[in-house]
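Feature annotations, reproduced from TrEMBL:
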- 409-457: compositional bias 'Basic and acidic residues' (COMPBIAS)
- 465-484: compositional bias 'Basic and acidic residues' (COMPBIAS)
- 485-499: compositional bias 'Low complexity' (COMPBIAS)
- 526-537: compositional bias 'Basic and acidic residues' (COMPBIAS)
- 1-29: domain 'DEAD-box RNA helicase Q' (DOMAIN)
- 32-206: domain 'Helicase ATP-binding' (DOMAIN)
- 232-377: domain 'Helicase C-terminal' (DOMAIN)
- 368-542: region 'Disordered' (REGION)
- 1-29: motif 'Q motif' (MOTIF)
Ligand SMILES: Nc1ncnc2c1ncn2[C@@H]1O[C@H](COP(=O)(O)OP(=O)(O)OP(=O)(O)O)[C@@H](O)[C@H]1O
């Protein structure tokens, strides 16, 4: 089957050929004709199977084939849960739409709003955005959504869960009733599916593989180990097996920072990425990781969904996620586009229940691998465990993934367990302002880390300078992949990729290895900035208080 046979126009067929795609993936083969037909669609396919092109290609075609109702108006809106994913999707739009006169633009918080206002004034056909910044523009009357013909919710189940649903409903209210709605994700719980059904108009359902399953391309293993031993085991594995590109997930921002610091101290080149970092720091960390310059990226679930890191070989769950869906998405950062990958979960005894939930949800038993012998420094076992308190077990989806509410932590301003349609009484909502979410004992808010809009998100970054987790200069070259000769982890100055396989990917990826059927030009390496970590924008200081106030008032008015 060819892309042309799906009914795609020549400029799109040419663009995918330039990307090195020869054959549509199964989700593309089904979704492209369905979207071209014009109806609503809910599409589920495993991680890394090309869903982005599955909606982007026909979307671009529909915009090309139908005349705009109003000149300069936004005709298509794609919403994503994180800024990085928004940037990645818009980059794909630009690549696939390279031969079409469609103007696309990406818009998210954490950066200055003024260039966005200018771009919107100049006219945008296809806008990719995170909901928070979108609503900031709506509030400032710098955005008109009344001509949107097509809405896409990427990572749709996440967009419809309690972290985002209030904002999504606000956005939906601003769109014309007559429009095409497209929902894509690798996971849809029955509950979210039912909610989505209600928002869509006679949707077509496409399920390529069984919903909520993990891809066979990822080898999954569990090592059962005490919490305090995890970082020593992880360092041992990275060094011993010479893992050179490892995405490590922690449950908290604090935990991500700490682990990145500890690994760095131990000589493993690491950075952290999470929602408390400045956008500059986030962008830099991800770019260095994608390019292969950074050995370990320690991330919260902010990096769990959608991010396409070409041929990423290793994902490690340093802690299991609270929600089984997040496990599917986390490990789906590896084993993409036909490549294979490895996912290792370090599971302490108190995480057994989470592990069982994941196995129930994905309907597979994960192999228990023997823990290799590794060094524990004297005294390590008695280190204080300053992990945040565990979410109570037995609540939420648990063993009954089909019928119980999602176990995600509440968003600021939402009560735990409260879902859309089950709102607390108005008074209770008032007495629980967004920023009153219960902090954990590390001073972190007990919310999932994502770009669910936060107070003051629109504020430009105001970096508070202090050392980045990794230190700064003197970065070592990427470590050697297991069995890959000649690329030593600690050898400074060794090339980060060989000329044989140097190539660029959409979204700034540069694949250090060859990859089937995907091709492109080498992207310039993003310039390094000197920005360090900073407090979350708008959270501190009088400006933050002001922004929170406005946000709380907007909520009350909703
Ligand atoms: N037809 C194709 N042939 C070869 N490679 C493809 C094809 N379509 C997409 N790809 C590549 O597959 C990779 C994964 O695609 P994409 O990011 O769209 O996956 P996804 O299904 O959206 O994953 P996730 O659920 O994690 O968001 C990308 O690097 C993309 O360039």
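Quick reminder: no glycine exception, Cβ is built from N, Cα and C everywhere.
Proximity of distant same-chain residues to the domain 'DEAD-box RNA helicase Q' (1-29), defined by a Cβ-Cβ separation under 8 Å and at least 6 residues beyond the stretch ends, is recorded for 36, 43, 45, 49-51, 53-54, 57-58, 60-61, 64-65, 95-100, 206, 208, 506, 517-520. Across the domain 'DEAD-box RNA helicase Q' (1-29), the DSSP tally of helix, strand and coil residues reads 16 helix, 0 strand, 13 coil. In terms of DSSP helix, strand and coil, the domain 'Helicase C-terminal' (232-377) has 60 helix, 25 strand, 61 coil. Note on the domain 'DEAD-box RNA helicase Q' (1-29): mean pLDDT across this stretch is 97.
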